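Written below as structure tokens is the structure these notes are about.
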Amino acid sequence: MRKINFSAGPSTLPLEILEQAQKEFCDYQGKGYSIMEISHRTKVFEEVHFGAQEKAKKLYGLNDDYEVLFLQGGASLQFAMIPMNLALNGVCEYVNTGVWTKKAIKEAQILGVNVKIVVSSEESNFDHIPRVEFSDNADYAYICSNNTIYGTQYQNYPKTKAPLIVDASSDFFSRKVDFSNIALFYGGVQKNAGISGLSCIFIRKDMLERSKNKQIPSMLNYLTHAENQSLFNTPPTFAIYMFNLEMDWLLNQGGLDKVHEKNSQKATMLYKCIDLSDGFYKGHADKKDRSLMNVSFNIAKNKDLEPLFVKEAEEAGMIGLKGHRILGGIRASIYNALNLDQVKILCEFMKEFQGKYA
């Protein structure tokens, strides 16, 4: 029996995708070999590779103003690649909303970029998304769309004249996005759109001009990968194959509007369970900034019960509920592949647990 996986990433995958990958693992579409065994220069793999890029653009409704890059190194490598490629001689402005923005800020500072932290929610342990106004003439404005540890999420992105950079690793492909002022939109795909080992970057083509005439190693230059269609070196072929299956699955769900509708239903159910617990459970995030992806909460009446909650949940078939080591508590990551019935099972367990230990 499969466990219900609430892990923050790598995370649960749709069963039908796992079954299709299993079916094709040794014999891809009757060709007599695995997709993992063939060259990335073959027609067979190119169909997967370019098909995945086109489907990703279709889901977000993007035209040819954007390039889709498949890169390695995780989203963490982008913390350095972004300032390397996109910083000019001005100020690069960051909003600090958690661990991942702190890491991005640190990498930019290591590179000697003129970093300005325009606002931070660190004083309140990152429990909300601070309101912000960026400078019109900043080299770029940087935000993290969703914060996995603290359970906060931008409901709408800030409107900026400066190019907006968005780390969307933990809410990738979970909802439609207004790209009107987004210059670069990126994430690792292992939470909502595949397996670990692949990052997907949507970059507006005019931003690639910033990489020209810069002394950047070839592998770290966006232009290198754009000019070579993300085939400059051997890409993570199996991760791209899995990403392609995920794109098909998302399209078959009815696209990102339908996916967002389901995600909203799941989150509403879980937050209602927390809010109606008479203070037994308490969410970390400010209600107006609650994440649809990561629900971080505590057993407010007795935090010593939290390890027991995780243990008993696992015995009941639910894994991945232990909170991040920085924040502690309990965290349920309810990404695209989790369905409403699975979240309902968690809510029923929470009510039973409260009944036993309140």
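Glycine is treated like the rest: Cβ placed from N, Cα and C.
Feature annotation from Swiss-Prot assigns L-glutamate binding site to Arg41; the stated evidence is sequence analysis. For Ala75, Ser76, Trp100, Thr148, Asp167, Gln190, Asn233, Thr234, the entry in Swiss-Prot reads pyridoxal 5'-phosphate binding site. The N6-(pyridoxal phosphate)lysine annotation in Swiss-Prot covers Lys191 and rests on sequence analysis.
Positions of Swiss-Prot features highlighted on the structure.
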residue : record                              : contacts (Cβ under 8 Å, 6+ apart)
Arg41   : L-glutamate binding site            : Leu231
Ala75   : pyridoxal 5'-phosphate binding site : Trp100, Asp167, Ser169, Tyr186, Gly187, Gly188, Ser199
Ser76   : pyridoxal 5'-phosphate binding site : Lys103
Thr148  : pyridoxal 5'-phosphate binding site : Ala8, Gly9, Trp100, Ser169, Ser170, Lys191, Met293, Asn294, His324, Arg331, Ser333
Gln190  : pyridoxal 5'-phosphate binding site : Gly9, Pro10, Ser11, Ser196, Gly197, Leu198
Asn233  : pyridoxal 5'-phosphate binding site : Met219
Thr234  : pyridoxal 5'-phosphate binding site : His40
Lowest local Cβ density among Trp100, Asp167, Lys191, which the record lists as recorded positions, within 10 Å: Trp100
Assigned element (helix, strand, coil) containing Trp100 (pyridoxal 5'-phosphate binding site), judged by DSSP: helix
Max CA-CA distance, Å, over listed pyridoxal 5'-phosphate-binding residues Ala75, Ser76, Trp100, Thr148, Asp167, Gln190, Asn233, Thr234: 31
